[in-house]
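Structure first, then comments.
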Amino acid sequence: MYHLFPFFTVLIWSGNAIVNKMSADIVEPSAMSFYRWLLAVLILSPFCLRYTLAKRKIILPYIPKLLVLALLGMVLNQSLGYYAAQTTSVSNMALITSLVPLISIFLSVPLLRKKVSFLSVVGAAISLFGLAFMLGQGDVLFIFQQAITEGDLLMVLAAIVYALYCVLVKKWKMPFGNLQFIYLQGVLAVAMLTPLWLSSENLTPVDEALLLIAYAGFGASVIAPWLWVKAIDVLGADMSAMFLNLLPVLAVALAAALLDETIQLFHLIGGLFVISGVMMAQFKRKPAVTTPVVD
């Protein structure tokens, strides 16, 4: 029963990849990011605004770090994803996003002073091979032929940005609950996205975009994070993180069912290598149990 918490979290996030693609032709990427976080902030305000005002003296010293996190996780990462959706497939987006845990491991070396295990290095090599195989449509030497699309490059950049965000969240411990943490970043993200929204051609979304904005703003930005925290509470961080490997599988399946995207053999082979490498990099050896010597 408890495993449903991380499963539905990943399912919602997988559906958000579909939303990214569907919104690409009807909403400007910067405007979509603005609408998403404006809606999330409005939904969370009844629960978080009073606390924010009451604890403003405690919150104020953390504003610079919250600004950096909001810029990385909610402005850059998501805007890059919306721009990428204009020129790449959901399958590619999902498989590239699955590299985030792997990238986070290596960013943790300089930022958290963690050591990289041999399995992490091998896993990275396997995942990069899979990524090259997928992006090159079966040709791992595609980079020398400049065959990669702009959308794929943007998604790689988005994955790096979000991995950096994840590591900094761990590095910068803050005395806020999960929803409060999201709310504070959301408010700052809306402030940063407002000039981009004002520069867009249409200041109000078209009717076709309303359900997409609702899904992104409520489902992916409010419900999914709440479910994720519940998952970590009842299952632990390591067990919950393993469910993230289902994200590309679910996203590709949804893309095939809802968007009629064709799943090619190179997607399956490349995806298998990517996911296998990420799982290998996440593997943690249990410390050996020694029997105490009795004199």
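Here the Cβ of each residue, glycine as well, is placed from N, Cα and C on the backbone.
Lifted from TrEMBL, the feature list:
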type     : residues : note
DOMAIN   : 4-135    : domain 'EamA'
TRANSMEM : 33-54    : transmembrane segment
TRANSMEM : 66-84    : transmembrane segment
TRANSMEM : 90-109   : transmembrane segment
TRANSMEM : 116-135  : transmembrane segment
TRANSMEM : 147-169  : transmembrane segment
DOMAIN   : 151-280  : domain 'EamA'
TRANSMEM : 181-198  : transmembrane segment
TRANSMEM : 210-229  : transmembrane segment
TRANSMEM : 241-259  : transmembrane segment
TRANSMEM : 265-283  : transmembrane segment
Same-chain residues near the transmembrane segment (147-169), Cβ under 8 Å, at least 6 residues beyond its ends:
65, 68-69, 72-73, 76-78, 80-81, 83-88, 92-93, 96-97, 99-101, 103-104, 107-108, 111-112, 135-137, 139
Can you count helix, strand and coil residues in the domain 'EamA' (151-280) using DSSP?
109 helix, 0 strand, 21 coil
For a three-state summary based on DSSP, what are the helix, strand and coil counts in the domain 'EamA' (4-135)?
114 helix, 0 strand, 18 coil
Which bits of the chain, at least 6 residues beyond where the transmembrane segment (181-198) starts or stops, bring a Cβ under 8 A of a Cβ in it?
30-31, 33-35, 37-38, 40-41, 44-45, 47-48, 52, 59, 62-63, 66-67, 69-71, 73-75, 79, 174, 221-222, 225
